[in-house]
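Quick look at what TrEMBL lists:
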TRANSMEM  21-43  transmembrane segment
TRANSMEM  55-75  transmembrane segment
TRANSMEM  87-106  transmembrane segment
TRANSMEM  138-161  transmembrane segment
TRANSMEM  167-188  transmembrane segment
TRANSMEM  250-271  transmembrane segment
TRANSMEM  292-311  transmembrane segment
TRANSMEM  349-379  transmembrane segment
TRANSMEM  391-412  transmembrane segment
TRANSMEM  418-439  transmembrane segment
Amino acid sequence: NSSIGTRKQPEGLKIKREIGLIGGISIVAGTMIGSGIFMSPQFVLSYVGSPGASLLVWALSGVLSMFAALCYTELGTIISESGGDYIYVLRIYGSLPAFFAALNLIVLSKPFGLAAMSISISEYALVPFFPGCAPPQFVVKCAAAGAILLVATVNCLNVRLAIRVQVVFLVAKVLGLTIIVVGGIVAISQDSRIIMDNLNVETSFVGTGTSLSTFGMAFYQGLWSFAGWYNLNFVTEELKRPEVNLPRAIVIGVSLVTVLYLLVNVSYLSVMTPNELISSNAVAVTWGNKVLGSWGWIMSIAAALSAFGSLNGSLFTGGRIMFVAAREGHLPDILSMAHVHRLTPSPSLIFSTTIALVVLIVCYIYVSSIFSFSIIYLRIKKPDLPRPYKVFILLPVLVIGASIFLVLVPILDNPQIEYLYVVLFLLSGILIYIPFIHYKVCPGLSTKLTVLLQLFLQVAPAEKNV
């Protein structure tokens with residue numbers, strides 16, 4: 001029968017495009033707004049020495065983050081695959097550098113970030129239950145592990161559910177920061193003396209330090225609070241109309257966060273002197289106690305919710321790095337599979353969760369320069385590539401310069417042997433790459449284990465969605 005010969009082959013398993021513009025904004029802004037804005041302002045101020053300079057650092061951190069994000073966006077529209085940092089290094093520089101990028105993200109950057117976020121959640125959430133003292137470390141780590149497991153469960157169950165959680169927590173974050181902004185406006189209307197002393201044109205920059213190293217460390221604190229603008233590029237294959245929604249989501253998300261951060265810092269300075277702000281352990285909690293009185297505990301809950309949203313977004317995107325790296329042959333095949341019914345990359349999410357829990361139990365980084373260089377490299381080597389979105393060439397140059405400065409400052413300011421340990425650890429990955437990736441030693445054992453785990457987890461290989 002000729003109809004049998006022309007029958008279409010069934011399509012392979014694919015993860016659906018579930019993320020729209022709102023979901024994209026929630027991933028960008030929702031992972032950027034974490035615990036940093038509730039903690040970092042006192043460190044920025046202590047490094048630069050004056051309120052005016054601290055606001056300048058926050059503004060420039062937002063501008064630099066926007067420049068880096070725009071460069072990253074161009075890469076995301078040229079290479080429309082999920083995987084972010086990893087896939088860009090693979091497609092531009094080759095297999096071995098990509099393996100080192102995956103090793104850094106999977107073993108160091110993402111797990112330690114998840115562990116730190118979960119610790120922030122538990123510490124802030126437990127503050128109302130331990131008034132006047134710090135909660136026990138065992139309780140903190142148990143609560144942190146519970147947060148990681150809860151987020152992992154949500155992400156393994158359903159992609160759409162994980163995105164809805166991200167949107168809800170972004171709204172909660174914006175509401176919490178809006179309370180701080182409005183509280184500052186009310187405080188200024190009642191008594192403007194503190195804000196006038198802090199931000200008076202003639203005195204706001206008095207005491208500003210002149211050391212490049214201290215300004216570098218201040219920018220580190222500011223940029224840490226802005227970290228997360230790159231997360232949407234890790235899930236490009238799940239984003240609807242990425243050539244349109246990727247640039248829009250990043251521009252809207254980074255702009256929203258920058259404006260909120262500046263207004264929140266002005267609010268802090270409207271009720272606290274520089275000495276009060278620097279001596280605070282958690283500036284938002286101190287602000288809440290001064291402005292909200294007996295309701296000051298709300299700020300602790302707001303910080304916990306903010307960190308929880310960042311944890312959800314980071315695990316959602318981090319699991320895709322393993323998924324794509326395994327699909328490209330740099331990790332075991334089982335990690336490149338998706339659940340046959342739920343269409344979630346559950347093996348990679350489970351493995352990401354496991355590493356984060358190990359980091360959390362055993363113990364309690366910045367990539368924009370290489371990708372800005374990649375923009376310049378592709379403009380020269382492959383000028384004819386289709387570019388739905390294109391940045392002004394000066395932006396990647398500025399980002400490269402700023403990144404080199406920020407990398408060198410802490411090393412020159414305070415050289416430590418630990419920096420060498422990190423480099424040696426990453427280079428040790430070649431001991432895994434050569435036998436198992438390049439020469440594919442013991443393929444039979446890997447195949448048997450993959451089949452066993454496939455049956456247990458109910459997963460199957462997933463095709464690219466580009």
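Note that Cβ sites are derived from N, Cα and C of the backbone, with glycine treated the same way.
Unlike curated records, TrEMBL annotations are generated automatically.
Long-range contacts of the transmembrane segment (167-188) within its own chain (CB-CB distance under 8 A, at least 6 residues past either end) are made by residues 22-23, 25-26, 29-30, 33, 37, 195, 256, 260, 263-264, 266-268, 270-271, 284, 287, 291-292, 298-299, 302-303, 305-306, 308-309, 312. Here the transmembrane segment (292-311) has Cβ contacts under 8 Å with residues 30-35, 37-38, 114, 117-118, 120-122, 124-125, 127-128, 147-148, 151, 165-166, 169-170, 172-173, 176-177, 179-180, 183, 228, 282, 284-285 of the same chain, all six or more residues outside its ends. Below 8 A, the CB atoms of the transmembrane segment (87-106) and the transmembrane segment (418-439) form 3+ pairs separated by six or more positions in the chain. Among the recorded stretches 21-43, 250-271, 418-439, the one sharing the largest number of Cβ pairs closer than 8 Å with the transmembrane segment (55-75) is 250-271. Sequence-distant contacts of the transmembrane segment (21-43), counting only residues of its own chain at least 6 positions beyond either end whose CB sits under 8 Å from a CB of the stretch, comprise 54, 58, 117, 120, 124, 163, 166-167, 169-170, 173-174, 177, 218, 221-222, 224-229, 231-232, 235, 239-240, 245-246, 248-250, 252-254, 256-257, 260-261, 264-265, 268, 277-280, 282-285, 299, 302-303, 306-307, 309-310, 312-314, 316-317. Within the chain carrying the transmembrane segment (418-439), a Cβ under 8 angstroms from the stretch's Cβ atoms is held by residues 95-96, 99-100, 103-104, 108, 329-330, 411, all 6 or more beyond its ends.
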